[in-house]
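What TrEMBL records for this protein:
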- 20-39: transmembrane segment (TRANSMEM)
- 83-227: domain 'Flavodoxin-like' (DOMAIN)
- 89-94, 141-144, 176-185, D211: FMN binding site (BINDING)
- 282-524: domain 'FAD-binding FR-type' (DOMAIN)
- R301, T538, S599, R600, K605, K606, Y607, V608, T609, D642: NADP(+) binding site (BINDING)
- R457, Y458, Y459, S460, T475, A476, V477, Y481, G491, V492, A493, T494, W680: FAD binding site (BINDING)
Amino acid sequence: MENSEGVKIESTVVTEEPLISALDIALFVVIITVAYFWYFKRDKQSSSSEKKPYTIQPSSLSSIEQTSNSSFIKKLKSTGRSLVVFYGSQTGTAEEFAGRIAKEGARYKMKGMVADPEECDMADLVEMKEIQKSLAIFCIATYGEGDPTDNAMDFYEWLQNGDADLEGLNYAVFGLGNKTYEHYNEIAIYIDQRLEELGATRVHEIGLGDDDANIEDDFVSWKEKLWESVCSHYGIEETGEESNIRQYKLVDCSEVLPERIFSGEISRLKSYENQRFPFDVKNPYLSKIAVNRELHKSGDRSCMHIEFDIDGSKMRYDTGDHVAVYPKNSSELVDKIGELLNADLDAVFSLLNTDEESSKKHPFPCPCTYRTALTYYLDITSNPRTHIMKELIEYASDPKDQEKLKLMASSTPEGKKEFHEWILRDNRNIVHILEDLPSVKPDLDHLCELLPRLQCRYYSISSSPKVYPKSIHITAVLVNYTTSTNRVNKGVATNLLAQLIPTNDELPQPTIPIYIRRSQFRLPPKSQTPIIMIGPGTGLAPFRGFIQERDYARKEGREIGEMVLYFGCRKKDEDFIYENELQEYVANGTLTKLHLAFSRDQPEKKYVTHLLEQNADELWNIIGEKSGHLYVCGDARSMAKDVHSIIVKVVMEKGQMTNSQALNYVKKMEQQKRYSADVWS
C-alpha cells in the first residue's frame, strides 16, 4: 500500500500461501493458449500471403531455379543480350509496346528481352554496366490518381526509398498516360528523373504517350527517334533487316486430354469449377447475377442496375471501391473470323514462346481451342495498332491490299493520316479489316499472337457493404453505336451483362467472373464531416454507396454531416436513375440537398456545372468554412475539368484569394484527400 506521500510501505501481516496459486495456474493457461493461437495464426498467414509466380501450367522448377529467375542480369549474360525492356502495365498496352521495342532491337545488333519488374530483382540494375553496350528501356503507364501500375509498385517504391549507385546504367523511358487526367504520365516522369538522380545516363529523352489522342502515333514517333539516339550513343548502324520474327511457335495439341485444356480460365486450370479464396486479378470469383433491371424509364438508351452475389466468397469491399468484370466476345464476331479465314475454331493448339529464357511461356492460357482464345483471351473489338498492319502485309494476295497495309504501317504523314481515318475515325476492328481487305488471310495462330489480350472492365461499386455485405451493385450504360461504315459496334462487357438475366425458377443462374479492386475514393473517417458529391449520369454510382453508408450510420443513432448531391441527366422522365431512392433520402434527412440538372428538358441546356456556379456560397461554406470534402465522378474529358475550374473560381471569390493562392488551396485539398475524383475518359 501507499501512504499519503506516495511512499510504498510493506505490510506487516504475513499469510502462508501455496507455492503456485489457482490464479497463477489460470494465468499460465491463458498465456499458453494465446501463444498457441498467435503462433499458428502467424504461420497460416505467412503461408497464405506468400506470393506465388503466375504460371499457366504447373511449374517443374526447383526453388533454387525459381529464385534465380528473378535475376534478369543472369539471363542477359547467359544469352548474350544487351537490351532489356521493362513494362509497367495495367491494361496490356505498355507490355505490348515493350515487346515491340525488344523485337526491333535485333535490327540494331541489340538482342533484347521483355521483363516484368514485379518478377525481377530491380536492384540488379546496378550490374547493367557489366554488360557491354547495354540498355534498359522502361515502358511505364500511370493510372488512377497518379499511381504506378500494380506490377510496377515495388520498383517505384524501391526508387523512392533506395539510393543505389546506377552509374553506368544507360536508359530511356516511354510513358503511357492520358491528358484528361491531372496526373498525366506522373510515374514515367518520376522514374525518368529519379534514374538520372541515381547516376544513370539518359540515352534518349522521355516519351509521353497520350491515350486520349493517339498513343500509337506518340509511341511510333518516339521509337523512331529512340533508335537514332541509340545508334549515335553506341556508334552502331541499323542492319536494315525488316523480317517479321514470330515470338511464339504453334504447337499442335490435338492429342491433349480434355481435362488439360483451358476453357476460359484466367490462369489456373479448372479454377471456375474449383473456386479457391483469395480472389484477385488472376483468380476471379465466378459470381451469380442476383439482379439485373433497367433503370431508364423510356428512350432508346439503356442503363442497367446489376447486383453480383458474393455470399460465401469471403470477398470484402469498401464503399468507393471498383469491381472488375471479365467479359467475353460475342459468338457472332468469333464465328465471323473463323468464316473469313476458313479455320477450324474447335482445333486445340498452343503458342509457345520461342525465347526459352522468357518468363512468359504463352501469350494466354494454353492449350485451348481457337474458339476459346478468340472468345475469352483476345481483344477482337478494339482498333488494331500499326504493327498489326505491318504483320498482315505478307498475308495479302491483292497488291492493292498490300499497298494499303504498307501505307498504314508506315510513319509517313500520308500513312499516319490513312491509319487515323481508316482505322481510328471509321472505328474498324480486326473483323472489319478482314472483311474490307478480302485478300488478307493470316494464319489464325499468328493472328492470335498479334492481337492484344482482352482486358477486364472496371465499374464503380454503387452499394455500401454496411447495407449489402453479400452483394456488389453496379450501374452500367449499355454501349451500342453505329460507325461511319454503317456497322454497329457493341460494348463487350455491357452487351454481355445485358444478356445475363436471372430467372425465378430453379435453373442455374447466370454467372460472370469478377474481383474487387481497392480505391482511394473514400468517405471521410468521421461521419459528421460534410460532403459535396458531383456525379452526373452513371457518375452517381459511388455516391449511391456513400449515401447508403451515411443513412446506415444515421439509423444507428450516429450524427452525420451535410450531404449535398449534384446529379444531372438528359430528361427527368427518361433517365433520372434511382429517383425514388434519392427522394426518400431527402425526405428522411440523410441527403441534405439534391441539386438536379436535366439538360434537355428546356430550350437551353443545363448541366451540373451551371448549378455549381449558382451555388457558390453553399460550396464555399462546406469546403472552406467547414473543411468538408468534395467528390467528383464521371467524365474526365470535360465535366471534371470544368468542375475543377469552378472550384478554383469559387475559392478565389469567396475565400478572397489570388488565382495562385486558390490553386494552392485546391491542391492542398487534393493532398489531404478532401478533393477526390473517380473519373474516366
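For all residues, glycine too, the Cβ spot is worked out from N, Cα and C.
Positions of the features from TrEMBL, shown on the structure.
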{"residue": "S89", "record": "FMN binding site", "CB count, 10 Å": "21"}
{"residue": "G144", "record": "FMN binding site", "CB count, 10 Å": "17"}
{"residue": "N178", "record": "FMN binding site", "CB count, 10 Å": "21"}
{"residue": "Y181", "record": "FMN binding site", "CB count, 10 Å": "24"}
{"residue": "Y184", "record": "FMN binding site", "CB count, 10 Å": "17"}
{"residue": "Y459", "record": "FAD binding site", "CB count, 10 Å": "24"}
{"residue": "G491", "record": "FAD binding site", "CB count, 10 Å": "18"}
{"residue": "S599", "record": "NADP(+) binding site", "CB count, 10 Å": "16"}
{"residue": "Y607", "record": "NADP(+) binding site", "CB count, 10 Å": "16"}
{"residue": "W680", "record": "FAD binding site", "CB count, 10 Å": "16"}
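Across the binding-site residues listed here (A141, V477, A493), the residue whose Cβ sits among the most other Cβ atoms within 10 Å is A141. Between the binding-site residues R457, K605, the minimum number of other C-beta atoms within 10 Å of a residue's C-beta occurs at K605. Annotation: R301 are the binding-site residues among S89, Y184, R301, K605, Y607 whose CA atoms are within 10 angstroms of the CA of V477 (FAD binding site). Taking R301, R457, S599, W680 as the binding-site residues under consideration, the smallest Cα distance to Y184 (FMN binding site) is found for W680. Y181 (FMN binding site) has W680 nearby among the binding-site residues R301, R457, G491, W680, counting only those with a Cα within 10 angstroms of its own Cα. For the pair formed by G92 (FMN binding site) and R301 (NADP(+) binding site), distance between Cα atoms is given as 31 Å, rounded to the nearest Å.
On the backbone, the CA of S599 (NADP(+) binding site) and the CA of T475 (FAD binding site) stand 20 Å apart. Across the domain 'Flavodoxin-like' (83-227), DSSP assigns 65 helix, 35 strand, 45 coil. Scoring each of the binding-site residues (T475, T609) by how many neighbouring Cβ atoms lie within 10 Å, the top position goes to T475. Counting every protein chain shown, 13 other Cβ atoms lie within 10 Å of the Cβ of R301 (NADP(+) binding site). Rounded to the nearest whole angstrom, the C-alpha distance between T609 (NADP(+) binding site) and T475 (FAD binding site) is 22.
Y459 (FAD binding site) and A141 (FMN binding site) have their C-alpha atoms 20 Å apart, to the nearest angstrom. N178 (FMN binding site) sits 22 Å from A493 (FAD binding site), taking the C-alpha atoms as the reference points.
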